[in-house]
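The structure's right below; bear with me while I get my questions together.
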């Protein structure tokens, strides 16, 4: 407790959010008001260029020398063999050298490759482009070259059209012309250039082979997820595999991919069992798996006989967009399996198709739910699956990932610590990945990304990782072993509702990692964030709507179901993104989606408990104040309270107006002290600084535990599972109390503004309306007939659930 209370600990300052003053696009020196045109200006223009009219206004401008090698023609044959050469191109700027792929025996090769050389690493005023003939013996033959003076290279910034490539005659070493021409385009541009994502970068010159693809910036889209609801109604003519007059104990097993669900066992002397049970799966488009239904007979503990099965493609099922359409049930014939008593052809046992039983099923793809693949506390998207049910966006989120500072070394390369960092940002269905900065503790990305916002009460997650798949010698730091998993450096979360609209937030966020040895700062991430409102009316209207689509309230899932479905959804998303090129690896996706957030942690439970306890500090302060009033500590205050008591006793109709007016005044008073920056990870509130080593060891323990004495550990894991649910409940209680505090704290400026205006309106209405009328109307409303009640949450409930809590700051 003493470690948690050290508010003046200088070490704690390292975990605070810091203001930064980057030179963003809108702050660049004034110059050309319109788009920049390809002009001469060369190196002087490169090192001090005017502001461009690009959309990259949340990042610092970076300049690159781009070289596009398109193709060659009329190349001379090999002087020794007389056959066509094996040509490739080498682009050299100082000590940096990039090469194209080579072609076997091609006189007119086409490459269409782009090379980008960073301004910060300029080593020469001359660009040389060599054409060479690959020699199998390792000594490549020089064919010719093209030389460019950087002072003559044009500048090009989008939205200008791409620079047209030109044919250049090849020169020999002494400047004379040789046979052959090379088509090139050379220009100076910024990271806003269309060629930037796919270019070979001089910053990653040491990367070889397949690792080249993993260093480039990419955007990914999560697969479209559906809930598959399978209502198993009944089966018909089920016959046991073995005779003996025994009544079968029948169940139905449904499987989609790796997901397996079973109905209850029907133990009755009937061949036509009934279940009428719902089994829900998560599936993704395109539908590659099949729904396999198996009717089985429970013949013993853990032993089932297969009585029949059928495999159904998911595309045959109806897509339901609401709860009202009735889905038609269907009968499916099961393929029954039996064994022929006598030997059959080839001496192998074959399947015998005998009289087939049937299964009665009602199945559909639910499009009106939002398929959860992330924690509801940090949800980034609330839209239903079906695009027809989407509403127009209410805002635009723009994030400039500027860079990081002070990153810790994550591996060993050439006997020294090294970090190859990249960023991943996830919001909604869109994932983005920055390029990898090789071997630097202070990477500079300066990449800007944009997302449509359909609900401001959502969270964007940004993580920093160390790339362990570069293909460089010793890059993994594990002595030549297979590539390791990409290492976690840290992540941050930003809740959009805590951002003021049209304001640029520039902060350095501490990257905090919790390890077995304790909490550790891994570096700082510099961001520029802006949330732009497209429709203020629609955004304010959202505060009166349910957070999730209405199907979650009309036909809700159980908590256990949601946990299982979310875990399956995360697995599908990780598998699909892992099939992209370059892959977004499973360890990255799981870390971004908080796959282990439900696991038991003594540290997290203590943090949630003290979150709840801190909520009562206000009530305790009010009680102390009232005790001081009763004790006449301050005569003037006690006299004012007596006057107020007399007024409220004689005029009870002033009680409610006074309360609402008081809250209105508190809201206005707190406006001066409203938060000036988004919330961030709080190590003190998370009890990360005061956690006992044994608690951290327990938190990082595997599940199930990796120790011995399996019986004891099985019970211990069961205890951890139960305690994890208690931990969630305590956290939810704390969240509700923090949302009450957020009503007047201006953490969500739009929500507080709405509530403050409501308080003012309520104070006026309750002042002019007799108290008896208000009490009667309120009582009749509470006691209204169920016919007049909606199954949807009320407007106050929807507004309250959208308020932010301090859960965003939990580590």
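Note that Cβ sites are derived from N, Cα and C of the backbone, with glycine treated the same way.
So TrEMBL lists the following for this protein:
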- 1-39: region 'Disordered' (REGION)
- 46-168: domain 'C2' (DOMAIN)
- 207-332: domain 'C2' (DOMAIN)
- 378-509: domain 'C2' (DOMAIN)
- 639-671: transmembrane segment (TRANSMEM)
- 754-783: transmembrane segment (TRANSMEM)
Against which stretches of its own chain does the transmembrane segment (639-671) lie, if we need a Cβ under 8 Å and a gap of at least six residues from its ends?
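Contacts of the transmembrane segment (639-671) (Cβ under 8 Å, skipping residues fewer than 6 from its ends): 629, 743-746, 752, 755-756, 759-760, 762-764, 766-767, 770-771, 774.
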Reported in the order helix, strand, coil, what are the DSSP residue counts of the domain 'C2' (46-168)?
8 helix, 53 strand, 62 coil
Go ahead and report the DSSP secondary structure tallies for the domain 'C2' (378-509): helix first, then strand, then coil.
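Split by secondary structure, the domain 'C2' (378-509) comes out as 7 helix, 63 strand, 62 coil.
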DSSP on the domain 'C2' (207-332): how many residues come out helix, how many strand, how many coil?
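Computed counts for the domain 'C2' (207-332) are 10 helix, 69 strand, 47 coil.
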